[in-house]
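K.L.:
Once you've had a glance at the structure underneath, I'll fire off some questions.
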Amino acid sequence: MDSFKLLSLLKTCISSKSLVKGKLIHQKVISLGLQNNVSICKSLISFYFSSHLHDSAYRVFNTIEHPLDISLWNGLMAAYAKSFMYFEALELFQRLWEYPYLKPNSFTYPSVLKACGGLGNVGYGKMIHTHLIKVGSLYDVVVASSLVGMYAKCSMFDQATRMFDEMPERDVACWNTVISCYYQDGRAEKALELLGKMRDAGFEPNSVTLTVAISSCARLMDLERGKEIHGELVKDGIVLDGFFGSALVDMYGKCGCLEMAKEVFEQIPEKGVVTWNSMISGYSSVGDSRSCIELFRRMNAEGIKPSLTTLSSILMACSRSAQLQYGKFIHGYIIRNMIGADIFVNNCLIDLYFKCGNFHSAESIFEMMPKTDVVSWNVMISGFVSVGKYFDALITYEDMIKAGLNPDAVTFSSVLAACSQLAALEKGKEIHNSITQSSLERNEVVMGALLDMYAKCGAVDEAFRIFCNLPERDLVSWTSMITAYGSHGRALEALSLFGEMQKSSSKPDAVTFLAVLSACSHGGLVDEGCYYFNQMTSEHDIKPQLEHYSCLIDLLGRAGRLHEAYEFVQSNPETREDVGLLSTLFSACRLHKCLELGEKIAELLIKKDPDDSPTYIVLSNMYASAKKWDKVRKVKSNVHDFGMKFGVIAEEQFRCHEQAPTKTPSPESYPIVGNLLGFLRNRHRFHDWVADMLSQTPSSTLQVNSFLNLSQGVCTANPVNIQHLLHSNFHNYIKGSRFQENLHELLGTGIFSVDAHLWNLQRKISSHEFSTNSLKQHISDVVTSQLSHNLLPCLSNACNQNQIVDLQDILQRFTFSNICKIAFGVDITTLQNSGFVQAFDDAVEICSSRLLSPIPNVWKIKRLLNVGSEKRLKEAIDVVNDFAMEIIKSKERQRHNSSENRGKSKDLLSRFMSKTWEMEFEDQDQKRKFLRDIIISFVLAGKDSTSTALTWFFWLINGHPRCLRLILDEVSRLESFNYDELRELNYLHAALSESLRLFPPVPINSKLTVDDDVWPDGTQVRKGWFADYSAYGRMEKVWGPDCREFKPERWLDDEGVFKPCDQFRFPVFHCGPRMCLGKEMAYVQMKSVVVALMRGFEILAVDGGASAEKMMNPPYILTLNLKMKGGFLVKLKKRNDLI
Ligand code: HEM
């Protein structure tokens, strides 16, 4: 067999990929002694490469006795380069120098340069470049092109294009390389320019050129040019291949032309994953997650496996459209198919969960990720900021630092935003230091965020210092600084800065003018406001937006220049119709008692929306304060003329004006003693007495005068008034001195008794903690453990001994030990002789009697003399303080000794202790006092409320066997009772809510009025008056004629699912910004207790429970919490009727 025959056989083996035959031929070659034949060796090398047997190929080369033919070397080097085996290619090239007789030629260098490019080894590439210049090989167009390609691959685009410019001769490949170079270097415009030049030079672009050109159009969002290129392609009859087709789809998608993208997409005969990705990314960019998912399903059905890019694109679409369902589907797909999600996919998932408000899932994903990349930390931190979890953002930042990562500009900007929101100046300053250390002081974004942080934290001077040191002042920084001055009442400085800005090169925009106008508004600078408004339109040609008008109208309105404001609104067709502006002006009319203009505006507003009840109410209030009762009546009749569906409550407000034009109804009141006699007479049924009186008034609102007129006030059960009191005009109704004076010794400056800044600060910390999963889980664990170790054994004991026990007392002790464990992390049931329990109870009782005393301030005399209850209070408070301080100090010692335990303690005190790093204290004692006060507030809040609620609940179901049965049915279906399963107990939830409605643990609550006010029903409230609301749910107007009945069904929808009701109708947990923080905890606790007790025992009330008669006259005593008179005596029987 001769060598020709062997060569042809080897060719066939390569094309048919026949390994066995090829190997047989190799044997034959050896047996014939042809192993040094250059052509056969080259062919054998190709054969082995085609079978991926690279070692065998190398062996063929290595066994040649004298490899002195350069084409042999070139062949193997080219094969290596083609198979991405760049190291091997360069090694071979190195070996070539051992053979001085062999000279590399124009076929050698392209492979070597490709290997350099592939390895990014630009140093070696440059060496070869120098060598090529020396040997004069650069004239070869292929070699020069390869050199251009090498530089391009090593991202040295300038060098590549320079080389290209110097080339005397070029080929299409070379044009393509350099066009891609420009594209990859972000110079898409230049890439397109070169395409033109290529054509001018007489070269016909091929599909590679056009793909890059189309991608350049996509990057430039140049739809016109993209269409042109597409048109040429169609004209030339070029068939769409995967690459070019994908680039087109991508271009149309990016330019927002999804129809066209879809059309091209459907025309591509064989769609690879890149094509699918291009189409999906088009839909993703507009947040069309549904279309993305459809395509995803289609590609799966067509057997195309999605890549990680596919998944991240779809996830981005889902987060853009906040489509959690679809996002979860993709997440599920990743888990089911065990796809190793990369950092991009994980970041997209985190982003999605944050956007959809499901930050726990975001946290779980982050937990499982390797945390070596700063980007993932940034996604977490900015995610927390985006959902308002600023503390978590700061904690994550701390963890990131602990994990040894260096924050970058994005991290700093996000974490500074968190500081701004929390007004956490100290932390912000700390971050400022880190920024300085990271040398990011010249980063505009970071410095902008720093400026914003100082401005929002009220450190305006510090903000100004940053502003002065900015590397460059741009529009945003000028505007931020003007806003900072304006919003902190430094209107003149804001205006002076604006003057400076106008002299600089930055031109103000609409936002800057808004900052200027609002500075004028805050500073009451009416004329200046008008001047700048005119300047904005006339000199800067900025069309005012509604916000600008609103600022100006507010400014004029507050200054009482109402007619001017009105003319202003009317002068412009765009503002004339705007309800927001008219309403602002309407409120100003009410403020300045300008009835005539008010009527005019009300007419306009009513024309716009005849169903807008606030307009009628404000108008009727204006008439009422002007004593125009006939007009009040007319408004009401107009309401009917308009056929408006008016709620009972709104109706009542009119009736109130009609029937009691000058005075809010008041209970029987006598000179000197005020309402005292009525109070004493009805003390035993106080809440029912108040409820009766309230329901007899037209708008469920009363005015009350105390003994000697020492205090005066109002009390309401009208949801509209309650909304006004606790929400709309929140700042006008505070806990105030009455509450603080009476409870000062016990509560200090804890959350429960303070207002304004002190309250705000504690509220922020606490509401953050109460929203964490870890605290919720901890609460649930404590309740379960206390149930099995404390409550159930105690009841079993009583049951076994057939004792009558006071369930109210037992539940009180149980909830007290629960809250102590949650608050202090201490089990008081195991404490010996601490006296704390008794002392706390005594202190609460004495302080509440101060508050509830019909004659205020008598206790002050007793305190002065240090006698009676006041003497006992002093002693009790000492015990409480010693107890609390001892625990705080021991926790401090623990934290000091073991930094490991810091994050692990789950009780509230430890949590608050970790938060105190954020705050400034004068000394350690002040810090301890702060912790003592906030914790004692929590103990008080959580101590008796749930036990009281449970007591009445068991009493009620004793008198309602049908409800008892329904609850038992539901409870018996429960397999275990963990946190989630408790949520599913709809009937029990309804029954507990109904019980709370009838017997709210805090039936009446009091606020102090800061400034004169008029309630929505027209009730006048004077500065210094108390303003009470009653949560005792016996108002027929609110709950219907069956309001005194126990009917859990009123809380269920047709499917038996619990339906919550408006908070102002059911203010049992308070409402508005001071809403109870422990509501969720209370329900978990109540449900756990009910389930455990009802499964174990029949609870038989000695008095038979809630009979119809007792429902009318319930047995309570007058304390802060609605306690049952004489306790709740029960007998317990082991329950045998449940499985
Ligand atoms: C059935 C049980 C509960 C009811 C009916 C209830 C009701 C209320 C009410 C009416 C207030 C407003 C009190 C006022 O401002 O004078 C309040 C506030 C508060 N409650 Fe509850 N509560 C219950 C359980 C709990 C529990 C278990 C805790 C947790 C420890 C708790 C923590 C708080 C806190 C901290 C406040 C003060 C909020 C603030 O002023 O910002 N509550 N609760």
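Residue positions begin at 1 at the first shown residue.
Positions of Cβ are set from backbone N, Cα and C atoms, glycine also.
Below are the features I grabbed from TrEMBL:
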{"type": "REPEAT", "residues": "140-170", "note": "repeat 'PPR'"}
{"type": "REPEAT", "residues": "171-205", "note": "repeat 'PPR'"}
{"type": "REPEAT", "residues": "272-306", "note": "repeat 'PPR'"}
{"type": "REPEAT", "residues": "373-407", "note": "repeat 'PPR'"}
{"type": "REPEAT", "residues": "474-508", "note": "repeat 'PPR'"}
{"type": "BINDING", "residues": "Cys1076", "note": "heme binding site"}
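Each of these features: where is it, how hidden is it, and who are its neighbours?
P.N.:
Each residue of the repeat 'PPR' (140-170) gets a DSSP state, and the totals for helix, strand and coil are 23 helix, 0 strand, 8 coil.
Away from its own ends, the repeat 'PPR' (171-205) comes close to residues 141-142, 144-145, 148-149, 151-152, 155, 157, 160-161, 164, 212-213, 215-217, 219-220, 222, 225 of its chain (Cβ-Cβ under 8 Å, at least six residues beyond either end).
Residue counts for the repeat 'PPR' (272-306) under DSSP, split into helix (H, G, I), strand (E, B) and coil, are 26 helix, 0 strand, 9 coil.
Broken down with DSSP, the repeat 'PPR' (373-407) shows 26 helix, 0 strand, 9 coil.
Mean per-residue pLDDT, taken over the repeat 'PPR' (474-508), amounts to 89.
DSSP classifies Cys1076 (heme binding site) as coil under the three-state reduction.
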K.L.:
Are there residues at least six beyond either end of the repeat 'PPR' (140-170) with Cβ under 8 Å to its Cβ atoms? List them, or say none.
P.N.:
106, 109-110, 113-114, 116-118, 120-122, 125, 128-129, 132, 177-178, 180-182, 184-185, 187, 201, 203
K.L.:
With DSSP, how much of the repeat 'PPR' (474-508) is helix, how much strand and how much coil, in residues?
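P.N.:
Its residues fall into 26 helix, 0 strand, 9 coil.
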K.L.:
Near Cys1076 (heme binding site), which residues of its own chain have a C-beta under 8 A away, given they sit six or more steps off in sequence?
P.N.:
Ala941, Phe1069, His1070, Ala1082
K.L.:
With DSSP as the reference, give the number of residues of the repeat 'PPR' (171-205) in helix, strand and coil.
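P.N.:
DSSP classes over the repeat 'PPR' (171-205) add up to 26 helix, 0 strand, 9 coil.
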